[in-house]
Amino acid sequence: MMAAVADEIAGVEGRGRYRALVARRLLMLSGLIAALFLSVAVDMALGPANYPLADVLTALFNSGAVSDQLRVVIWDIRMPIALMAVTVGASLSVAGAQMQTILANPLASPFTLGISAAAGFGAALGLVAGVAVFPVAVQYMVPLNAFLMAMLAALFIHFASTMRGVTVETIVLLGIALVFTFNAALSLLEYLASEQALAAVVFWTMGSLTKATWPKVWITAAVLAFAAPLFARHAWALTALRLGDDKAASFGINVRRLRLETMLIVSLLAAIPVSFVGTVGFVGLVGPHIARMLVGEDQRFFLPASVLCGALLLSTTSVVSKMIIPGAVLPIGIITALVGVPFFFVLIFTNRRRAW
Amino acid sequence: MVALRLDAVGATYGRRTVLSNINTGELKGGRLTAVIGPNAAGKSTLFKRIAGLAAGPGLVHLSDTAKGPETICYMPQDTGANAVLTVYESVLLSAKQGSGWKVKDDELAEIDRVLAALRIDDLAFRGLGELSGGQRQLVSIAQALVRKPEVLLMDEPTSALDLFRQIEVLGFMKRLSAQSGMAVLIALHDLNHALRYCDDTIVISSGSVAASGPTETVITADMLKSVYRVEARVEACSLGRPVIIVDDSIPVR
């Protein structure tokens, strides 16, 4: 159709440059995968006893060739923690990425919508008052409380956003209101708590990977594996959402439905990790921003990059948390920002392109 | 060739009626139709209603030869996107909606052609956030054209463009519609542009049609007085083309 008109003017070939851009991005993703693999291996090498990286790799790929002790330490003790860092970081980062996308707000993250704050309150309810939101065996009470409160907050936001006249800005404001409400409720519980319970709540809200077990790793990984293809299927539509609602609708996208569907999946992605490892801030906010600066916002690259950046961020954080005080593992929630912020600053100040 | 006809079309936002009883004759492919009217008359809403993006009574008839309702493409007014995408990616995005991840060479070739035709190929790898309002408007046109619509509804496509670009874009659309048989409806504020480039004109005022038909019969001194509240003459210039000469506005009583 355009050929005849376009023939008037000789155009520069954009095709080649686009293919080169895609190749650069694939290279970037490969680099992130390699860095993540290295970080996970180092994470498993460090601990009360430090092992050479070569021994760790042998234990991973040829476990018969290493001592039983090393095999147990790597596979049963350190690997769940190292992989929990990966799955939690990835889930929170993707959740943040899609929240930022559907709410058109660079500050959106599992925190902004009050999901983490709700989880913290749910956990405290169990730790301080021994109240189970849903009666189960006592060892699951805290994570289940956290999860149910997080989902409650998410569903509140979800149904609020289906109401007529509720805009994207209103949703963000509602989320912030939830953050304050749950934080106030949490403070009240802390004020009333015994010293022992208070310590438990404070530790929980700092976030720690030491609570990781294989089943928790599998559940988080399964939720991520369920969510990622759903987002991937809508990759073009989600990217188009960033051009504004009117433009996206003009592309034939059912904006309202896409936003609601995404919100539901995001709620699950954000609630599960937080209920297992406690409040891990920052990754959900900054992971997607780093991904955006590296590969842009085409979701075909942005989605995997968000997964990898979040995973890498939390995995390196896990490494650092073991290195600051030898022999001690600091709660990861404390370290996340300390590791991420310098890297984030470097990216902001060296990136020539606008990042939002 | 495609043809579009509106039969008692209305539009509502909740309980508020924005448009009512819009009827048109056949709006044929290969022709440019101007949709004019004062601010907030309902031009954008009419476009959204035709494209199926707004609810309301009445029927939008497409000729049997048309590919289907998705062949109607609405190009919204510029909304100032801040997405971290290059121009090229944003146009690709429009072309690829509803299809798989893989991008074929002929799809990229089409984008190259559209960008070259609009003379924005030099902007292809700039970020959307770095563009001026006028450049964004041209990108928006490119996004609409790669969808290969048979009916294109352009909402004030020239509002942010300089005079040269306005004329270039309108001339381009006129040639394109004549060659491709696309029916193009353009919401315009510059009525001299409507006189110069558009075959037909529909005047929307307070949510209904005030006049419609061949442009020269619609844009008259009487219409300008009753719809726009301006005293004006429509006279032939030295080349014999009609132009509007505005004398005064009519004070609001």
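The backbone N, Cα and C atoms fix where each Cβ goes, glycine too.
Bear in mind that TrEMBL entries carry predicted annotations, made automatically and left uncurated.
Copied over from TrEMBL:
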TRANSMEM  A:26-46  transmembrane segment
TRANSMEM  A:77-99  transmembrane segment
TRANSMEM  A:111-134  transmembrane segment
TRANSMEM  A:140-159  transmembrane segment
TRANSMEM  A:171-193  transmembrane segment
TRANSMEM  A:213-232  transmembrane segment
TRANSMEM  A:264-286  transmembrane segment
TRANSMEM  A:301-321  transmembrane segment
TRANSMEM  A:328-349  transmembrane segment
If we call contact 3 or more Cβ pairs under 8 Å (sequence gap 6 or more), are the transmembrane segment (A:328-349) and the transmembrane segment (A:264-286) touching?
yes
So, taking each listed stretch (A:77-99, A:111-134, A:171-193, A:213-232, A:301-321) in turn and counting its Cβ pairs to the transmembrane segment (A:140-159) that are under 8 angstroms, which one gives the highest count?
A:111-134
Of A:26-46, A:77-99, A:264-286, whichever stretch has the most CB pairs under 8 A to the transmembrane segment (A:111-134)
A:264-286
Listed stretch, out of A:26-46, A:171-193, A:264-286, A:301-321, that has the most CB pairs under 8 angstroms to the transmembrane segment (A:77-99)
A:301-321
May I ask whether the transmembrane segment (A:171-193) has at least three C-beta pairs under 8 Å with the transmembrane segment (A:264-286), counting pairs 6 or more apart in sequence?
no
